[in-house]
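*Asks:* If you scroll down you'll find the structure; I have some questions about it.
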Amino acid sequence: MDNNPDLISRREFLVQASAGAAVLLTGAATLSCSSRSTSHIQGGMVGANHQAGHKLRNIPALYKLPISERLTTDVLIIGGGVSGLSARRWLNQKGIRDVLLLEMDAKTGGNAAYGKNAISAYPFGAHYLPIPDLRNKELVRFLEEVGAITGFDTKNLPIYSDYFLCHDPEERLFINGFWQEGLVPEMGVPTSDKQQIKQFFQLVDEYKQAKGADGLDAFTIPLERSSRDEKFRQLDTISFASYLTEKGFTSPFLQWYLTYSCRDDYGSTLETTSAWAGIHYFASRKGQAANANASSVLTWPQGNGFLADQLRAQADSPIRQNLLGYGLQRSATGVTVQACDVATNRTVVMEARKVIVATPQFITKHLVQHLMPERSTCTGFHYAPWVVANLTISGLPQGRGLPLCWDNVMYDTASVGYISANHQDLRDNPNKVITYYKPLTDEEPDVARRRAYTTTYEQWLTQILDELEVAHSGITAFVSQVDIWVWGHGMISPSPGFIWGQERQQAIQPIADSIFFAHSDLSGISIFEEAFYQGIRAAKEAMKAL
Amino acid sequence: MVSEKEQFIAPPGLTSLHWLLLVSVFVIATCGLIYELVAGTLASYLLGDSVMQFSTIIGVYLFSMGIGSWLSKYLDGNLLKWFIRIEILVGLVGGFSAPLLFVLFEYVASFRFILYTLVGLTGILVGLEIPLLMRILENQLSFKDLVSRVFTFDYIGALLASLIFPMILIPQLGLIRTSLFFGLLNIGVAGFLLYRFSETRSFRAGFTAVLLASVTMLTVGFVYAERIMTYAEGVTFQDRVIYSKSTPYQRIVLTRNNRELRLYLNGNLQFSSADEYRYHEALVHPVMQARPNAKRVLVLGGGDGMAVRELLKYPAIQHIRLVDLDPGMTSLFQQNETLVSLNKRSLLSPKVQITNNDAFSWIRQDTARYDVVIVDFPDPSNYSIGKLYSTTFYTELEKRLAPDGVFVVQSTSPYVARKSFWCIRNTLATVGFQTIPYHAYVPSFGEWGYVLALRNHHWRVDGPLPTGLRYVNTQTIRDMLYFSPDMAEVPTAINKLNNQALVQSFEEEWAPYGQ
């Protein structure tokens, strides 16, 4: 989109003029502050109600609430994120209709949350799906059902919808004052660094092809189907940082790129990511298509909210929102579950034959504390806090290089960049929504989380705009709205030893053949495919036990 | 009446005053000629054909002065008061004539009417000045001295105006500021008379307010003249910029020289009035002669109405739907007199329905079917436009075609951008169309390419053509089908949303041409 320089200067003039007037009015004290005025920007903090979740910290108080309702169901699913919705869809397709899903929030979808305004829909969390490996048949079938796969060619390769395959131009990186194509640093990168980068990708290609002694792929999705071969699994015992040092990958450009990748996919750093997980990110994408390549992704203006809505639409069993489940107890016929209606503060008591707990483990431990007190001490599950902001803009001033892409990353900055939410929208609209993602990796997750909960909207706004101004000088004047979502527990971190350790395996085990567990954190990495897989796995187990 | 006139008593210091009055003659004479020159220059800028414009402007102006002189006999009573009044009016009408004409050029359908009305009005007011002044001075000087001195200063003023106008005023101030500046001089003369003569006391207060208001308006106009017309664009375009506007989607600029009018969008030439008929005849008639009975036609892009003008030559067409993103374009080509005469009022035809919407989203919502579709988008120079040349777009377009429907796509230059041209052809073929690539020579553009897309082989080159075409006939169409070796088919990628192959080759191929 061409930005009219005339318009920019006029807007800048107006902004500067109003900023100048403000300075005069409020006196010299403000002179030391930033000269950018943000008073024209609307918006505020939005997001999942972490207050509701925090009620679980005081369960005795919940037990005192009056009971308003009693229900019975064959299967109760607690949690309306992707894993819970996947379990519900599976059961529905297998003819099990007496299913009830509880969601503590006002909306289902979990990490696939999204918003919408007059310009575009926009994600607040997960926002794309790489085209899957054809061996992931269940996922391929789902994509066919939702119209993302429109057919198969003569070689039986799926044909993906042109509307959902990420349009070109896809990715750019702002480095050395230039927007280059692709995210791997190239612009102004010395030859020796380029050599290391090349070597790293050669290594990744080997891992992509590699198979263990058991004949299974070294790295695949869902990761449960990866080889058990110790040769690969031992990579989980060391950090990605140690692995890179060991292999002599010292290039700061390569290290930046891999740090970016870990932060982007896991919300963790090279030091806090297992080497197995770090390699899995690159070596597990084996999608094939008639009209796309292995690195292609599917995306939508609302991000994975599209997939979550489709999952939900594929079943008709009831969903109760604003209902916070807790206090699971075994009963004569199965399981008794209490739930607090967060809107009315009343209790609903449910009797279910089987329960699927599709919540993250920091919630799950509260739900099953009577049955498995030892779960409350589980320490391997670490979650990365994130902040996600959606900015509505009427123009994007920028320097030289590629114009706005789907994914836009700035070298060596605090965020992992922003995506253009309108990217798949075919209309030529000068107004856009950009979604800014920032994992809070500078401090220990607990410290960063507490700080994030107390950071004000204005403070976030200043941080975000300061960063964007570096690559987009003058952008502040074009921003009309900024909505900010803080994810206290944004995603599971695959820290060293976690993926192939004991704790994860134990957490998957059902209780007494009546309580089953489903969540992407049980895979150790927070991606749609794993949530989808874990949901179906738990549903299969529950169905078998019915 | 006579007694009132005799109340005019010259103040002491007659000789110096009488000189000052003659200086006023000099000033108003200069102003008068300047307004005439401003109107003539402006008319040639905006409408072209300077001989015609200057000739008619001078004629109307002099004739109006004659009317003014004739009307002067009906003005009686306090002549000095009348004179000051007329000076203020001349200052306002003459001073604002240039900015007013520039602003109205965009909006009014009958620009010439406004132009000649303003010229006439200024002429009448200027025509009143000298007779009135002579009557004011008639008791001061003998008749022969009066006539001799007044006309001497009048003609010296005219000479001065004719010299400083091209040499100093236009280069330094530009048209708008010149016009406003001389308006201020007229007001200055009014002010001078108002304060120099004591018998103006009775009406001084009221006139002072009017004077101040006029000076303020003219000064504000003078200060903001840059905003009315951006001269910056004169640097980028070789010809005079006569119109420029930034819409939310693009920058529209019209330029004119003695030969032609040109339209630029974001700095890219869209047409030249000198040869656009070649481009538009080649766009429309090859497809129409094969479907002469087409009833419903869709035009995508083409907000200038030129393609619609060609379509309206087929009486069988009942309905034309034009979809153009930018209301700024379609309204300009519906309202502006010059442009409306270029497109023959096509966008005002009752058969034409205009939709200002994005073509991609519109075509996905539309449910109608069309016998012929004319796809006249800008060249694929950026990713937003590249999408409109993709397999996905053509798949959607196919759903809008009648069973025997056919469409044509303007496809950039097969000479300059050979890969891009054949990429468009190959993309259409991939979607499943029979394609007929062809090209035409348009001097302003060079060799220009088009691709016809059909669902079947029902195609002919010898179909009926409307009379009066200047470029296309059956033989021209046959010639257009032949591609010389330097433009012949090359293998290319297919343009899809997820590769935007066309934008990339287009950039490469046009880069040496500085596009």
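Even glycines carry a Cβ here, placed using N, Cα and C.
What TrEMBL lists as transmembrane segment is B:20-45, B:51-71, B:83-107, B:113-134, B:146-169, B:175-195, B:207-225. Here TrEMBL flags B:222-455 as domain 'PABS'. Sequence annotations record features per position, and here TrEMBL assigns S-methyl-5'-thioadenosine binding site to B:GLN250, B:ASP324, B:ASP358, B:ALA359. Annotation comment: TrEMBL describes B:HIS280, B:ASP304 as spermidine binding site. The active site, proton acceptor feature in TrEMBL is assigned to B:ASP376.
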*Asks:* To the transmembrane segment (B:113-134), which of B:83-107, B:175-195, B:207-225 is linked by the most Cβ pairs under 8 Å?
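*Replies:* Going through each listed stretch, the top one turns out to be B:83-107.
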*Asks:* Secondary structure at B:GLN250 (S-methyl-5'-thioadenosine binding site) (DSSP, helix/strand/coil)?
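*Replies:* In the DSSP reduction, B:GLN250 (S-methyl-5'-thioadenosine binding site) maps to coil.
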*Asks:* Find the member of B:51-71, B:83-107, B:146-169, B:207-225 that has more C-beta pairs under 8 Å to the transmembrane segment (B:175-195) than any other listed stretch.
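*Replies:* Most Cβ pairs under 8 Å with the transmembrane segment (B:175-195) come from B:83-107.
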*Asks:* Which sequence-distant residues neighbour the transmembrane segment (B:51-71)? Criterion: at least 6 residues beyond either end, Cβ under 8 Å.
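*Replies:* For the transmembrane segment (B:51-71), the nonlocal Cβ contacts are 32, 35-36, 39-40, 43-44, 116, 119-131.
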*Asks:* Hey, would you say the transmembrane segment (B:83-107) packs against the transmembrane segment (B:146-169), going by three or more CB pairs under 8 A that are 6+ residues apart?
*Replies:* no
*Asks:* Looking only at C-alpha atoms, tell me how far B:ASP358 (S-methyl-5'-thioadenosine binding site) is from B:HIS280 (spermidine binding site), rounded to the nearest Å.
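*Replies:* Spelling it out, the Cα of B:ASP358 (S-methyl-5'-thioadenosine binding site) and the Cα of B:HIS280 (spermidine binding site) are 22 Å apart.
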*Asks:* In whole Å, how far does the CA atom of B:ASP376 (active site, proton acceptor) lie from that of B:ASP324 (S-methyl-5'-thioadenosine binding site)?
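*Replies:* Given the Cα positions, B:ASP376 (active site, proton acceptor) is 10 Å from B:ASP324 (S-methyl-5'-thioadenosine binding site).
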*Asks:* Would you mind ranking the binding-site residues B:ASP304, B:ASP324, B:ASP358 by how many other Cβ atoms sit within 10 Å of each Cβ and giving me the lowest?
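*Replies:* Each of the binding-site residues B:ASP304, B:ASP324, B:ASP358 was scored by Cβ atoms within 10 Å; lowest is B:ASP358.
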*Asks:* Filter the recorded positions B:HIS280, B:ASP304, B:ASP324, B:ALA359, B:ASP376 down to the ones with a Cβ under 8 Å from chain A's Cβ atoms, keeping sequence order.
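*Replies:* Cβ contacts with A: none found.
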*Asks:* Between B:GLN250 (S-methyl-5'-thioadenosine binding site) and B:ASP304 (spermidine binding site), find the distance joining the two CA atoms and give it rounded to the nearest Å.
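*Replies:* Just about 14 Å between their Cα atoms.
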*Asks:* For the S-methyl-5'-thioadenosine binding residues given in the record (B:GLN250, B:ASP324, B:ASP358, B:ALA359), what is the largest pairwise C-alpha separation in angstrom?
*Replies:* 16
*Asks:* May I ask which residues of the same chain, at least 6 positions away in sequence, place their Cβ under 8 angstroms from the Cβ of B:HIS280 (spermidine binding site)?
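*Replies:* B:PHE271, B:MET306, B:ALA307, B:ARG309, B:GLU310 - these are the non-local Cβ neighbours of B:HIS280 (spermidine binding site), listed in sequence order.
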*Asks:* Across all the protein chains here, work out how many other Cβ atoms are within 10 Å of the Cβ of B:ALA359 (S-methyl-5'-thioadenosine binding site).
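*Replies:* So the Cβ neighbour count for B:ALA359 (S-methyl-5'-thioadenosine binding site) comes to 26.
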